[in-house]
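S.K.: Please read through the structure below; I'll follow up with questions.
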Amino acid sequence: MAKVFRSGSTDLRLFENLSFQVMKGEMVAIVGDSGSGKSSLLHILGALDRPSDGDVYFAELRLAKLSEAAAAEFRNRELGFVWQFHYLLPEFTALENIAMPLLVRGLGRREAETEARHWLNEVGLLDRGHHRPGELSGGEQQRVALARALVTRPKVLMADEPTGDLDNRTAETVFNLIARLHRDYQLTSLIVTHNLAFARRCDRVIRLAAGVVDEVEPQSLPA
Ligand SMILES: Nc1ncnc2c1ncn2[C@@H]1O[C@H](COP(=O)(O)OP(=O)(O)OP(=O)(O)O)[C@@H](O)[C@H]1O
């Protein structure tokens, strides 16, 4: 797979000859300097963007060839996304934010809120469900965003700098939570991170650097 951004007469070549496989159940970190293409890679793997060249498969499904509508349907069915910023809806409570993806899919309010309550509990915020995002701390907001990503029971969690906007202690709490939910729900997780101590705790680490992509041994990273 290759990714080239064309802007005017210049090409920005992010990576070429990139080829790797993620196995079911793996927790994979994607690391690299700022601008190396980590988010772009995650967007391609999550069918939010296409490679300039090459293919991406999810089992037998050829992601790079899906129509926009089929890609959206795939994302809704199989993936849960968490971003650096939580993007919660400010006028809705934590519980309503978590229930939203289920309501959008046509589930009844009572069922959606029961399921949302399960995920509030999983992220340790059962007593905070009636609060709006603005009344929650940054770490709590990110935990709500994580619950919202998982409420549809995706197979794959895609996280782009999920702890990037948090202080060290809160980042540790959120990463520990991601690691526990990954294990408990047998997720496959792809996590873009600048935090090498977190990457070290993943099963595998993919590193992007100046167009070169390699895999590094997690234990070789600094603790
Ligand atoms: N849609 C786009 N069109 C043109 N250039 C883009 C586009 N998206 C990203 N880029 C460029 O591609 C490069 C890689 O961006 P990307 O966000 O993937 O890097 P990153 O490794 O995730 O960086 P960071 O760690 O700072 O978030 C950057 O130089 C960025 O400006």
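Using N, Cα and C of the backbone, Cβ positions are placed for all residues, glycine too.
According to Swiss-Prot, the protein has these features:
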DOMAIN    1-223  domain 'ABC transporter'
BINDING   Gly32, Asp33, Ser34, Gly35, Ser36, Gly37, Lys38, Ser39  ATP binding site
S.K.: Of these binding-site residues, Gly32, Gly35, which scores lowest on Cβ atoms within 10 Å?
M.R.: Gly35
S.K.: With the Cβ under 6 Å from ligand 1 as the test, give me the qualifying entries from the binding-site residues Asp33, Gly37, Lys38, Ser39.
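M.R.: Gly37, Lys38, Ser39, by Cβ distance under 6 Å.
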S.K.: Around the ATP site formed by Gly32, Asp33, Ser34, Gly35, Ser36, Gly37, Lys38, Ser39, which additional residues qualify by having Cβ within 8 Å of the site's Cβ center?
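M.R.: Surrounding the site, in chain order, are Leu208.
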S.K.: In this structure, which of the binding-site residues Asp33, Ser34, Ser36, Gly37, Ser39 has the fewest other Cβ atoms within 10 Å of its Cβ?
M.R.: Ser34
